[in-house]
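Participant: My questions all concern the structure below.
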Amino acid sequence: MIRAAVLAGLGTYVPSRVITNDDLSRILDTSDEWIRSRTGIAQRHWAPPGTATGDLAVEAGGRALKSSGSGDVDLVVVATTTPDHPCPATAPGVAHRLGLNAVAAYDIAAVCSGFVYAMASAAGAIAAGIADRVLVIGAETYSTILNPEDRTTSVIFGDGAGAVVLRAGDPSEPGALLGHDLGSDGSLKDLIIVPAGGSRQPVAAVAASGDRPAETYFQMEGKPVFRHAVTRMVASSEAILHRAGWAPESVDWFVGHQANVRILHAVADQLGIDRDRTVVNLDRVGNTSAASIPLALDDAASRGLLTPGDRVLMSAFGGGLTWGSTALVWPEIVTG
Ligand code: COA
């Protein structure tokens, strides 16, 4: 029998520093009205300078372990666009700080689709018998890669972390991930990019002046990204609904990547899911990239929206371009 990956714990963390739209309007040519009406975002959290992604990941990871009722896992996967260092991966340090000793640990880089990719990777490890319990963390400090002079990106992204524990179980159990749909289109890689800092354009090559080079900041072409996000999330969600045997109108909660409320509503409309069934927390946290889906799950659970037995569809889209979806029936869990 196939070993399914079953949701056994959930925990999140956001740094306490809140940046409102009005805060940004004081330093950028933007307004609360523009940001709210174009994105749905009212505020985001930015970590204080000196905070790294691993710091947020440890907080969320610890809460997810506690929520799962056991501190033991045999694999840690961290999805992030903003690793602590180019080398090594963030996950081994996080595992160490969580007291997980010699467990396997690696990072997944799939930008805003990272968490869905990481859950698929963890489910694969469980199905193959490589791991029995996996800690999957999505964590980001986008504040470290946002160009403070770029109003098209600075208003959108926030920092945060979310984590789940997946354990080996039966595909028919509540909480079992009911398949994974993943995809990418690298021909459009330049739509979402940090151009320098990797092997193609080492920082030294662009760092002639004393100021931080623009190429080391995150860049995004919002309009085409919006279009592709809707198309890909719809197709990927449909693939998962088909695999799960669920009609769109039977979905209790659509938990989409929190990029823009207009994207979430467009995807829900095209899928035939009522907009009221769309979980939205981006108004309070912005787009937290790889942390987005677990933060939205935790928000919905703590607001009492998600109840055991609910059918939950998750779908994400991000740089790469990448996209992915999965689904589960919400289990009895106490979130951390
Ligand atoms: N404040 C005020 N005006 C702004 C602004 C800001 N923060 N950012 C852009 N503008 C201006 C533009 O300069 C443009 O002005 P112009 O008409 O004079 O040229 C106008 O607002 C419209 O810009 P546009 O980029 O066409 O807006 P939009 O409706 O496409 O919204 C995004 C921009 C970024 C919010 C939207 O494209 C989006 O959400 N894209 C997807 C982002 C995403 O999902 N990213 C993550 C994927 S992982």
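Any Cβ shown, glycine's included, is placed from N, Cα and C.
What you are looking at is a predicted structure, and each value in this text was computed from that prediction instead of being measured.
Just lifted these from TrEMBL, have a look:
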type     : residues : note
DOMAIN   : 106-186  : domain 'Beta-ketoacyl-[acyl-carrier-protein] synthase III N-terminal'
ACT_SITE : Cys112   : active site
DOMAIN   : 241-330  : domain 'Beta-ketoacyl-[acyl-carrier-protein] synthase III C-terminal'
ACT_SITE : His257   : active site
REGION   : 258-262  : region 'ACP-binding'
ACT_SITE : Asn287   : active site
Participant: Could you measure between His257 (active site) and Cys112 (active site) for me? Cα positions, answer in whole angstrom.
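Facilitator: Per the Cα atoms, His257 (active site) and Cys112 (active site) stand 7 Å apart.
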Participant: Who sits close to Asn287 (active site): which same-chain residues at least 6 apart have their Cβ under 8 Å from its Cβ?
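Facilitator: When sequence neighbours closer than 6 are ignored, Asn287 (active site) has Ile41, Cys112, Tyr142, Ile156, Phe157, Gly158, His257, Gln258, Ala259, Asn260 within Cβ distance under 8 Å.
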Participant: When the domain 'Beta-ketoacyl-[acyl-carrier-protein] synthase III N-terminal' (106-186) is classified with DSSP, how many of its residues are helical, how many are strand and how many are coil?
Facilitator: 25 helix, 28 strand, 28 coil
Participant: Give the number of CB atoms, excluding that of His257 (active site) itself, located within 10 Å of its CB.
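Facilitator: Looking across every protein chain shown, the total is 30.
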Participant: Per DSSP, what is the residue count of the domain 'Beta-ketoacyl-[acyl-carrier-protein] synthase III C-terminal' (241-330) in each of helix, strand and coil?
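Facilitator: Summed by class, the stretch gives 39 helix, 22 strand, 29 coil.
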Participant: What number of additional C-beta atoms lies within 10 angstroms of the C-beta atom of Cys112 (active site)?
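Facilitator: 32, counting other Cβ atoms within 10 Å of Cys112 (active site).
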